[in-house]
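*Asks:* I have a structure here, written as structure tokens, and I will follow up with some questions on it.
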Amino acid sequence: MLTIKDIHALEVMDSRGNPTIQASVILSDNTKASAIVPSGASTGKREALELRDNDKTRFLGKGVLRACENVNSVIKHHLIGLEATSQAFVDERLRALDGTPNYANLGANAVLGVSMALARASAKALNLPLYRYLGGANALTLPVPMLNIINGGTHANNSIDFQEYMIMPLGFESFREALRASAEVYHTLKKLLDEKNQLTSVGDEGGFAPNFNNNVEPLEIISQAIEKAGYKLGEEIALALDVASSELVDEHFNYHLKGENKILDSHELVAYYKELVAKYPIVSIEDGLSEDDWEGWAFLSKELGRQIQLVGDDLFVTNASILQKGIEKNIANAILIKPNQIGTISETLETIRLAKHHAYQCVMSHRSGESEDSFIADFAVALNTGEIKTGSTARSERIAKYNRLLEIEHELKGGIYIGKELFKHG
């Protein structure tokens, strides 16, 4: 029986130069594996707690030495000797050890690092790829990437309200071809921005961060880039948005669109989305309304839920109990999956299973503060999520996930790429 022999954590850096945790697990056969925990910029109120030191003399208060110490002492002490391949049991022990609903004591960053490293170590010890260990024989589907090629909102220092303008390469036979087409659109977009004397600096997730006069102009130029790159707009490559509306809303559920110089209530904002969807091939909108605006979400879901994918990120924060409430109220039809929002791999699996049981689409997702760790690439294939958000085709911490997916596709001798089937049910 494989057991946990040792656990330790180290403070390392993420892609934004902020500290994060690298957790390592050593098993009884001396197999060792590590995992680096990501961190978000725009976070939902109900996310599990990311423990920071708040010591202003180090990293402007963002150090994670306390979380590392929790791994190196409390967590290590209670997990050594447990069966390594009993992921659910170990994760439940972590939850009980913390004793709070949101990991306020140990820190979700401490807990997730150990949970990820354990899964990776167990897979390695059994000589299995991580996707096969977590997903079994049915792990065959390569996810459709949602590539964030223009950044706004909290991910960039510019005048665009919407946080992410994405492309989705749907009309392709393989992940490799879909990724190639996306890269070509990205490079074509850069040329178009250069021609307009627009900034081609990149945001946290590798997308460009130009200054536009309103929130529609990015849709126009991305549409041009798709066609100029030689692809059919809508048919081969579609558009998607992450509005991150919780960043735009006030206490009265009015949404402040600086790009349009407008203040809209929920119904007016939904009407605005309907105009955009009618004019552009937008197939997905994430966080179209605030995480607290459940009445607005119900209206959005009624108006657009049969037509496009409506993704809850801040709305559901990868939390099964919150998702269950959304299911009961017919809110949204898809959920973003971010393991660090909930705390452990097992809890993430629970949320994915609930979503799939109720025909909610799952979108595996990175965070804006990432690293070279490619865990979510394997995780997306393991659970056949069908979609993944992991940035543009720039910045090595984003490319690490794409390169891992290319490796997996090769190992699976192509696997299944469901781009053409993804939205046919709509």
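Heads up, the Cβ atoms here are built off N, Cα and C, so glycines get one too.
When I checked Swiss-Prot for this same protein, it listed these features:
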- Glu205: active site, proton donor (ACT_SITE)
- Lys338: active site, proton acceptor (ACT_SITE)
- Gln163, Lys338, Arg367, Ser368, Lys389: (2R)-2-phosphoglycerate binding site (BINDING)
- Asp242, Glu286, Asp313: Mg(2+) binding site (BINDING)
*Asks:* Consider the recorded positions Glu205, Asp242, Asp313 and say which one has the Cα lying nearest the Cα of Arg367 ((2R)-2-phosphoglycerate binding site).
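*Replies:* Ranked by Cα distance from Arg367 ((2R)-2-phosphoglycerate binding site), first place goes to Glu205.
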*Asks:* Roughly how many Å separate the Cα of the residue listed as 'active site, proton donor' from that of Asp242 (Mg(2+) binding site), to the nearest whole number?
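*Replies:* Between the Cα atoms of the residue listed as 'active site, proton donor' and Asp242 (Mg(2+) binding site), the distance comes to 13 Å.
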*Asks:* With a radius of 8 angstroms around the mean position of the C-beta atoms of Asp242, Glu286, Asp313, what other residues of the same chain does the Mg(2+) site pick up?
*Replies:* Gln163, Glu164, Leu241, Val243, Ala244, Ile285, Asp287, Val311, Gly312, Asp314, Leu336, Lys389
*Asks:* Note down the number of other Cβ atoms within 10 Å of the Cβ of Lys338 (active site, proton acceptor), including every protein chain shown.
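*Replies:* I count 25 other Cβ atoms within 10 Å of it.
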*Asks:* Return the member of Lys338, Ser368, Lys389 nearest to Asp242 (Mg(2+) binding site) in space, with distance defined Cα to Cα and candidates limited to these recorded positions.
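*Replies:* Given the candidates Lys338, Ser368, Lys389, the nearest one is Lys389.
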*Asks:* At a 10 Å cut-off from the C-beta of Arg367 ((2R)-2-phosphoglycerate binding site), count the other C-beta atoms across all protein chains.
*Replies:* 26
*Asks:* Please give me the CB contact count at 10 A for Lys389 ((2R)-2-phosphoglycerate binding site), counting all chains in the structure.
*Replies:* 28
*Asks:* Can you count the other CB atoms that lie within 10 A of the CB of Gln163 ((2R)-2-phosphoglycerate binding site)?
*Replies:* 29
